[in-house]
Amino acid sequence: MAGMGDGYVGTAQDAVRIRRLEKQREAERRKIQELKNKTASSKGQPGLLQFGSSTSEILETAFKKETVGLVTREEYVEKRVNIRSKIEEEEKEKLQKLQQEEEELQLQKLKKRKIKVDPRLSFSDDFENDNEEEEEENKEKESGRLGQRKFGKDPSVETSFLPDSEREAEEQAERERLRRQWLREQEQIKNETLEITYSYWDGTGHRRVIQVRKGDAIGEFLRAVQQQLAPEFREVRTTSVENLLYVKEDLIIPHQHSFYELIINKARGKSGPLFHFDVHEDVRTIADATIEKDESHAGKVVERHWYEKNKHIFPASRWEIYDPTKKWERYTIHGD
């Protein structure tokens, strides 16, 4: 190849690499020669660090030169201390100088590697490869440092799904507060006055109206009814509350159920709702069998002995025991 020595065979990239290596070797040779010159010029000077000599030998040689002739004990000690201090300072200065030279050399290497080369040149790949190797080394060092660090929490990350004792305690306290509020509201509803239209049934209807609380049970309602009917009907006056039945929409409501329970659950009977206790008719002008009738009939209060004797006769033959789990899809027309 033109411009190269006799017998050389290679590509342009090889030629560039060889020239770069030769320049590096030449720079290292010059630096070594400079260090040799500095070492040679420093030989023979008293008190300076000599190459190949230990610190104790240099100290002893310098001390002998300073203590030629007769000296006092104080002068002897003072000179030895001064010489030791001087040698230590020179060693420290030389070490600092060597470190500074090493840092400058590394900095020059980095600058050379960062030189931008025209990508159209064929030998630019060598510089790019060097830069890539340097970047990989820096990344490995940086990753090693990051691996030794302790990572903290990222405030931007969503953590609401993680367990949090404080948040759980607040939620529990809020649930408890809402529960107590709901209970207070239900107690207020139970204490509200409820007006009930009923009919004492002994084969014919005797309609009456009485007021109770929404929270009262059916048994408490029948006790109030007995007190209301006792002056007029001897059989009611002589019987007990357990022998009275309350029939609403063709269902016999057991004594333990309350009006509050029927209202809250929107209970329904065979012929109408169990949560309406007034009397009203379905006043629609157009009959539609697909729409549930809006009718409420007066509940019946019946003496148990009369029911047992007439339960095979209408209307007692339609009556059933109320079952909260049973659903009635359609109402049938029935009056008192």
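Using N, Cα and C of the backbone, Cβ positions are placed for all residues, glycine too.
No curator has checked TrEMBL annotations; they are predicted automatically.
Under the heading compositional bias 'Basic and acidic residues', TrEMBL lists 27-37. Shown for the compositional bias 'Basic and acidic residues' (27-37): DSSP residue counts in helix, strand and coil, namely 11 helix, 0 strand, 0 coil.
The region 'Disordered' annotation in TrEMBL covers 27-51 (among others).
Marked as region 'Disordered' by TrEMBL: 122-170 (among others).
Residues or ranges marked as compositional bias 'Acidic residues' in TrEMBL: 125-137.
Per TrEMBL, domain 'FAM50A/XAP5 C-terminal' is recorded for 193-332.
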Same-chain residues at least 6 beyond the ends of the compositional bias 'Basic and acidic residues' (27-37) with CB under 8 Å of its CB atoms are none
